[in-house]
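Trainee: Next up is a structure, given as structure tokens.
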Amino acid sequence: MCPYSPAFLPFHFLLLILLSSSNFLPLCASTHDYHDALTKSILFFEGQRSGRLPPDQRATWRGDSAVSDGSQAGVDLEGGYYDAGDNVKFGFPLAFTTTMLAWGVVEFGELMPPDELRNAEVAVRWATDYLLKTIAHPGLIFVQVGDPINDHNCWERPEDMDTARTVYNVTADRPGSEVAGETAAALAAASMVFKETDTEYADMLMAGARKAFDFADTYKGAYSDDPGLKAGVCPFYCDFDGYQDELLWGAAWLRRASEEDNYLEYIQNNGKTLGAEENINEFGWDNKHAGINVLISKEFLEGQVLSLESYKGSADSFMCTLVPESTSSHIQYTPGGLIYKPGGSNMQHVTSISFLLLAYAKYLSQSAMTVNCGNITVGPTTLISQAKKQVDYLLGDNPMNMSYMVGYGTRYPQRIHHRGSSLPSISIHPQPIACKDGSDYYTSSDPNPNPHIGAVVGGPGDDDVYKDDRADFRTSEPTTYINAPLVGVIGYFVANPY
């Protein structure tokens with residue numbers, strides 16, 4: 001692993017570098033084992049599984065859980081992923097997680113080792129099998145299972161859950177265009193993953209994507225505007241930024257997956273109304289604008305659909321904010337060079353933005369295009385370099401000299417904010433641990449007994465300091481939407497390590 005700071009180098013060597021030409025080699029070539037990091041970033045999802053676990057389950061500290069989810073409403077909602085360190089299945093971030101896992105396979109799957117490509121496809125399918133269940137009933141979409149207030153009031157393993165598994169849904173009278181639109185995007189993107197290997201399943205996913213998008217577009221509204229739903233989804237996954245971006249995002253994925261003109265026409269006719277010109281430099285489970293611009297730019301760059309040129313302009317503008325050498329206003333970086341946005345769980349921004357950097361670099365490269373950032377012209381190599389800096393920081397090239405992925409490297413978080421990881425495994429301690437009986441494990445300073453291999457935590461603060469404190473969920477909690485973009489990113493660097 002490269003030492004983070006040039007201060008580790010002798011002065012005479014630093015002077016030699018400063019006096020040399022601007023084309024000198026990096027201080028040290030990457031020594032990261034990206035294959036190992038990829039393996040572990042995918043393995044993480046097995047520790048987040050809900051439902052009956054398969055015989056080939058590798059995260060063996062986990063057991064079956066929530067096998068009767070949906071029974072309260074008379075439906076089958078077993079499966080899916082817990083979003084983070086709790087035991088709730090939140091549909092909005094789960095769908096975004098699925099979209100990003102699938103996008104990673106679509107863009108970079110061919111660069112992954114065959115065994116890890118298969119594992120990534122399994123991770124996608126575990127999610128899409130569940131999402132298909134959420135849209136299986138006429139006139140509604142199920143968007144959440146579990147009462148988050150009661151769940152967060154307990155520190156217990158998912159296998160022991162005794163809190164209410166409340167079922168939440170959206171309907172024509174209680175719309176949820178953001179969840180339905182993201183579900184459409186997820187199923188459409190995933191259909192591309194299985195198009196060559198399981199055409200029947202891919203067709204089922206595309207049919208589901210159309211159904212979810214039609215629901216989102218016909219019954220417009222934000223799910224957190226409904227008082228009953230708001231009590232369940234807020235403040236955890238409220239729709240803070242409106243549902244319009246998810247409609248555009250869903251249409252963009254349906255266009256890419258189906259290549260049908262009606263979705264292109266939808267984008268052309270509705271883009272302005274849905275905020276396409278707002279040029280918002282955000283991308284995550286709630287705000288899709290930067291991702292929309294990158295995704296739709298592909299069609300302009302490669303197909304010269306002139307009506308979509310403005311999306312490239314917006315994507316270019318976003319990329320310029322990520323290049324410190326440009327004169328554009330920049331997003332914040334820590335002193336150690338990590339992308340930083342306040343609000344907690346910062347690594348979600350690091351991984352999602354790194355993904356966009358690589359995806360856009362690919363699209364630019366395939367079309368022999370560049371980005372004009374005012375004082376400089378930026379090409380694919382610069383964008384790739386920016387993404388690599390972020391990934392290498394995450395994996396250990398940082399002021400703390402630690403990896404923020406559990407199990408990667410020799411120094412990594414030991415006390416992550418995660419119920420199942422921090423409590424004794426059911427395989428070792430089969431007796432139930434009730435709601436409040438896990439409190440001593442929560443407050444303990446001991447390392448988690450079950451290392452959640454591959455989990456990436458929220459990460460350090462704006463000063464690059466990480467305290468490894470289980471109680472500080474903003475920094476120590478892993479989430480599926482941190483890891484999901486990272487799978488594709490690391491998959492790229494497995495094949496392109498330097």
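The backbone N, Cα and C atoms fix where each Cβ goes, and this holds for glycine too.
Feature table excerpt (TrEMBL):
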- His417: active site (ACT_SITE)
- Asp468: active site (ACT_SITE)
- Glu477: active site (ACT_SITE)
- 34-489: domain 'Glycoside hydrolase family 9' (DOMAIN)
- 1-30: signal peptide (SIGNAL)
Trainee: Cα distance, His417 (active site) to Glu477 (active site), nearest Å?
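Mentor: For Glu477 (active site) versus His417 (active site), the Cα atoms are 5 Å apart.
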Trainee: How long is the line from the C-alpha of Asp468 (active site) to the C-alpha of His417 (active site), rounded to the nearest angstrom?
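Mentor: About 9 Å separate the Cα atoms of these two residues.
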Trainee: Would you find the one among the active-site residues Asp468, Glu477 whose Cβ has the most company, meaning other Cβ atoms within 10 Å?
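Mentor: Selected residue: Glu477.
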